[in-house]
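Asker: Just lifted these from TrEMBL, have a look:
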- 1-23: signal peptide (SIGNAL)
- 57-74: transmembrane segment (TRANSMEM)
- 86-108: transmembrane segment (TRANSMEM)
- 148-183: domain 'EF-hand' (DOMAIN)
- 188-223: domain 'EF-hand' (DOMAIN)
- 328-349: transmembrane segment (TRANSMEM)
- 361-380: transmembrane segment (TRANSMEM)
- 386-406: transmembrane segment (TRANSMEM)
Amino acid sequence: MGLLAGSTVFLLTLLWGTCVVVGKCDLGPNGAAVDLQNDKGFSLTGTGITTDVQTSYAARIMAISVIPFIIAQFPVMLKSHHGKRLAVLLALIVSFLLVLAYCLYQVFQPWVQRRRLAYAKHKHVISGILRHVQMQALGRLLNDDGTPNEDVIRKLFHKIDMDESRSLSRSELHALIIGINFDEVDFDKADAVDKVMDDFDTSGNEVVEEEEFVQGMKKWLEEAKRSVPTGGAFSMKFIDDFHASVENPGWCITKAVALLLLGAAIAAAFADPLVDAVHNFSDATHIPSFFISFIALPLATNSSEAVSAIIFASRKKQRTCSLTFSEVYGGVTMNNTLCLGVFLALIYFRQLTWDFSSEVLIILLVCIVMGLFTSFRTTFPLWTCFVAYALYPLSLIIVYILDYVFGWS
């Protein structure tokens, strides 16, 4: 239970705040973050991140997912010894019903999957065009020091500019897209043209001028560099490495299933040794086992998710920030439903005692505060990271006071 509480608190405090810091961009006149623009440094009100409205829906779902905790804790709040077992059973049923409802919601309202698919297609457009340019022998897109080669980018522009109007129309971009092999990715060419226009046409005049094209290609190259560990060697292989990093859907499904099975096997094999190790370490150091499971274990168990979220947020785009925070809220939702449901099943069927008041209070506090804070806004200035960061030590202080001053443990 300490691990469950610690994982939820870690995701919504330390990780959430860090994603705001690494993903911050300048806030424009309309109050929204401007993709890839970060000229205001660490201005607490002038920089921040912006997510789409669907991400706020994910935050609301996360806040609703605390209902099983409230049900299980209800007899304790009433200081009644009767009905505890019934409350655990009801919470168990509700938690699994919420898991089922969440899965059905994802099926019938698959906005997260649609956004992921849109992001994957966008990467395919970028990698396909960069690879096509490299294969046309127009020259290296990057100089030896890793900076974009403007001469090669301008050569490409003039090659695409068939009518020599010094601007690229949709028909000219469409002609470029038709000549590119996008492997097995299934999307129409007009959609690819729209993605290019969205990234390049900053003036909104429905054509891509030469300077817009140069700046757009520079942004694409920077995004490719962040996705591929080049190690300082910017060779012809650089674009191929980036293209290879864009996985096809079939391989993604196979890898996801394999990782799920592997994760289940690891959890089954190491659950008991992990608990024993925590108790032994607690006995040796005289540190309560709850604090080990609340602080140390969440850092270990959520490390891969944290690294992935931070890398995504560092790309400094609304699209990637939306995906990042949606996954954070989704992870907490699964903690509050599926993980709690498994725990409640053990409590009920082995006739154990539900006595986790301090842990439940911390989960409710952090989930409700962050849920309300993130459900009704889409832009988060840099100062909001301090709200999340402050909740982490506050949680530790509350647990310590409840357990060791008021004797809730």
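Cβ coordinates come from backbone N, Cα and C, glycine included.
What you are looking at is a predicted structure, and each value in this text was computed from that prediction instead of being measured.
Any idea what these are sitting next to in the structure?
Answerer: Beyond its flanks by at least six residues, the signal peptide (1-23) meets 48-49, 289-295, 297-299, 301-302, 305-306, 309-310, 313-316, 320-321, 324-325, 328, 331-332, 335-336, 339-340, 343, 356, 359-360, 362-363, 366-367, 370, 380, 382, 384-389, 391-392, 395 of its own chain at Cβ-Cβ distances under 8 Å.
Packing against the transmembrane segment (86-108) from elsewhere in the chain are residues 61, 64-65, 67-69, 71-75, 333-334, 336-338, 340-341, 344-345, 347-348, 354: each is 6 or more residues past its ends and has a CB under 8 Å from a CB in it.
Outside the domain 'EF-hand' (148-183) by six or more residues, the chain places 124-125, 128-129, 132-133, 136, 138-142, 189-190, 192-193, 196-197, 206-210, 213-214, 217-218, 221-222, 248 with a CB less than 8 A from a CB of the stretch.
Secondary structure of the domain 'EF-hand' (188-223), assigned with DSSP and counted as helix (H, G, I), strand (E, B) and coil, comes to 26 helix, 2 strand, 8 coil.
Long-range contacts of the transmembrane segment (361-380) within its own chain (CB-CB distance under 8 A, at least 6 residues past either end) are made by residues 4-5, 8-9, 12-13, 16, 20, 27, 31-33, 48-53, 55-56, 59-60, 62-63, 65-66, 69-70, 325, 329, 332, 336, 387-388, 391, 395, 398-399, 402.
Listed as Cβ neighbours of the transmembrane segment (386-406) (distance under 8 Å, sequence separation of 6 or more from its ends, same chain) are residues 9-10, 12-14, 16-17, 20, 288, 290-291, 294-295, 357-359, 361-362, 365-366, 369-370, 373.
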Asker: Using DSSP, tally how many residues of the domain 'EF-hand' (148-183) sit in helix, strand and coil.
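Answerer: The breakdown for the domain 'EF-hand' (148-183) reads 20 helix, 3 strand, 13 coil.
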Asker: For the domain 'EF-hand' (148-183), what's the mean pLDDT in this predicted model?
Answerer: 81
